[in-house]
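Working notes, beginning with the structure itself.
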Amino acid sequence: MARATVTMEVGNDGVAVIAISNPPVNALAIPIIAGLKEKFDEATRRNDVRAIVLTGKGGRFSGGFDINVFEKVHKTGDVSLMPDVSVDLVVNVIEDSKKPIVAAIEGLALGGGLELAMGCHARVSAPRAQLGLPELSLGIIPGFGGTQRLPRLIGLSKAVEMMLALQQDLPGAAALRPERKDPNGSRRRAAVRYLCATACVTGAVAPTLGAAVDPAVSTIPKCAVSCCSACRMRCSACAILAAEARDFKKLVLSDTSKGLVHVFFAQRATSKVPKVTDIGLKPRPIKKVAIIGGGLMGSGIATAFILSNISVVLKEINNEYLLKGRKMIEANVQVLVSKGKLPRDKADKALSLLKGVLDYTEFRDVDMVIEAVIENISLKQTIFSEIEKACPSHCILASNTSTIDLRLVGEKTSSQDRILGAHFFSPAHVMPLLEIVRTEKTSPQVILDLMTVGKIIKKVPVVVGNCTGFAVNRTFFPYSQGAHILVNLGVDVFRIDRVITKFGLPLGPFQLQDLAGYGVFISTSKEFINAFPERTFKSPLIELLVQSGRNGKNNGKGYYIYEKGSQPKPDLTILPIIEESRQLTNIMPGKKPISVTDQEIVEMILFPVVNEACRVLEEGIVVRASDLDIASVLGMSFPSYRGGIVCWADMVGPRHVYSSLKKWSEAYGDFFKPSRYLEERATKGIPLSEPSSSSVTSRARL
């Protein structure tokens with residue numbers, strides 16, 4: 001591994017070039033910061049140095065402060081590990097230098113890298129350089145003076161826009177757009193406070209903030225007033241920078257930062273799979289893919305491939321279904337064009353890579369087949385028998401099944417080393433997660449190939465073991481069931497949805513059921529009831545809704561009313577149906593609705609999910625706990641600032657999760673019964689995420 005260094009070369013013209021070298025992105029690790037101070041001090045002292053240029057080696061200026069330091073702070077709780085860069089280096093050494101300092105920017109200048117550049121007396125940038133302050137994506141504000149210097153250099157409006165664009169890799173200041181919604185709000189409030197402090201005297205604060213931030217964040221105006229007062233008192237620049245640094249360090253220790261930094265590292269860890277990525281295999285190219293089934297999932301998967309320049313053969317059973325599939329794919333592409341995310345010529349090229357067929361003739365030279373038909377075991381078995389004969393011997397045979405055990409899917413084939421799950425999440429061309437499911441017989445080469453093509457189509461591949469529901473759907477099957485228990489205990493449906501969205505999920509469990517369609521809920525529930533009968537709750541509510549002619553958003557009637565051009569509205573005519581369900585289940589204590597707080601609603605829905613996550617961890621379905629975290633964030637939209645389902649449970653405390661589930665299991669039955677893994681971790685004070693010391697072989701790394 002290359003050593004992090006800072007070099008200095010002095011030319012005959014008296015210009016000292018100080019260069020950062022810390023591949024791959026020249027991160028500002030602690031040795032780099034120390035090296036910068038040393039080289040700037042030397043350049044300042046030397047009589048033969050007339051001017052200084054700060055740059056980065058390898059075509060990159062700097063990708064920002066070393067995030068590994070945040071992780072160390074989170075593990076130790078010791079914020080003193082964070083060096084004092086803002087005043088100690090950027091102000092006292094760079095900004096106050098009597099010799100002119102110019103930043104020469106090429107490639108990345110993000111976060112702390114851009115803040116260093118802004119501390120210089122001038123900047124020169126290559127046209128394609130990528131500039132930005134994406135610190136908010138880690139739950140912090142810029143802490144090296146960025147909240148002060150950026151508004152002064154480019155104006156408040158553009159500065160707000162850059163800071164609120166929560167992306168790691170920005171294509172340049174002119175292309176940035178603000179994020180429209182931040183479910184936490186605290187990250188914005190701290191950044192906005194300092195933005196206000198720099199520009200409130202211009203009178204532009206209120207309209208700029210109104211355009212750039214979510215109006216639901218009600219505390220922002222208070223911060224603005226506070227900072228206006230600070231400016232009127234003519235606080236010194238150093239005082240404001242010191243305050244920025246204090247808030248920066250305070251936010252580093254926040255749960256939000258802990259969660260987001262954990263997600264950052266969790267996503268990168270998914271690319272390391274024991275006995276797959278560490279045994280010297282090289283991925284084979286995937287140039288042509290066949291997809292069987294052009295419905296919602298199949299068309300979305302096809303869209304993802306053609307947008308990444310991979311040819312697709314789409315097979316359907318008749319011309320009518322094939323035409324529907326093509327139209328859905330064309331509509332997916334057209335949405336990107338209309339939003340300005342895809343040029344028309346590139347859209348036309350992508351669509352030219354799609355070919356529709358009604359038989360297997362075109363399958364003779366495909367590199368991979370993805371079956372995406374309905375969840376019917378016998379149908380899937382027939383398809384796999386057919387494609388084994390129609391495809392070349394190297395072809396990967398994948399299923400997009402979301403619940404069915406892959407051993408059953410490939411039971412009637414002799415090519416089980418080529419069979420695996422390619423589980424996309426709906427809509428497949430939008431959702432970033434690709435759950436790769438391996439069986440005991442799947443070859444490492446096939447897994448590596450799918451991991452590689454997953455990255456090509458801009459997905460995050462997570463390799464998991466084989467079982468009913470695999471890792472993600474199995475972990476979250478108690479989510480909707482917990483919500484149904486609460487409803488049948490007398491809790492209001494619409495209150496449950498409000499509480500869960502306030503927690504950070506984009507939809508509550510009942511609106512989610514409306515969106516997915518009741519058929520999906522019924523079919524997946526049957527799979528889980530068959531697999532785990534001792535810990536499932538059978539609610540009659542969905543079947544009662546179907547009997548009443550409702551099917552959620554599909555026909556505009558569900559828990560909510562869906563009318564074109566308007567937001568979903570709670571349908572109060574559903575209340576008698578809910579009451580009928582409560583009479584049938586008869587689980588209300590003393591036939592009276594229970595009284596619960598909002599926090600208890602969250603916990604009664606999500607603690608059973610944590611409980612199932614514990615079983616998934618104990619059985620080795622995932623390589624590591626962080627894989628389940630990133631899968632919950634990317635596949636189930638669990639709020640990223642909470643770190644994922646296991647990380648969140650560890651922050652809440654395994655002991656609290658265990659004691660709560662035990663109490664509810666005694667009151668309401670075995671659905672809430674704590675797992676052995678959870679009980680052991682809670683009683684011994686061991687984090688749920690800590691790797692097991694047992695010799696159980698992980699099914700995800702077989």
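Residue 1 is the first one shown; counting continues down the chain.
Just so it is clear, glycine is given a Cβ too, placed from its N, Cα and C backbone atoms.
Residues annotated as domain '3-hydroxyacyl-CoA dehydrogenase NAD binding' in TrEMBL: 288-466.
Per-residue confidence over the domain '3-hydroxyacyl-CoA dehydrogenase C-terminal' (469-562) averages out at a pLDDT of 93. Sequence annotations record features per position, and here TrEMBL assigns domain '3-hydroxyacyl-CoA dehydrogenase C-terminal' to 469-562 (among others).
The domain '3-hydroxyacyl-CoA dehydrogenase C-terminal' annotation in TrEMBL covers 601-682 (among others). Secondary structure of the domain '3-hydroxyacyl-CoA dehydrogenase C-terminal' (601-682) per DSSP (helix as H, G, I; strand as E, B; remaining residues coil): 66 helix, 1 strand, 15 coil.
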DSSP tally for the domain '3-hydroxyacyl-CoA dehydrogenase C-terminal' (469-562), helix/strand/coil in that order, comes to 60 helix, 4 strand, 30 coil
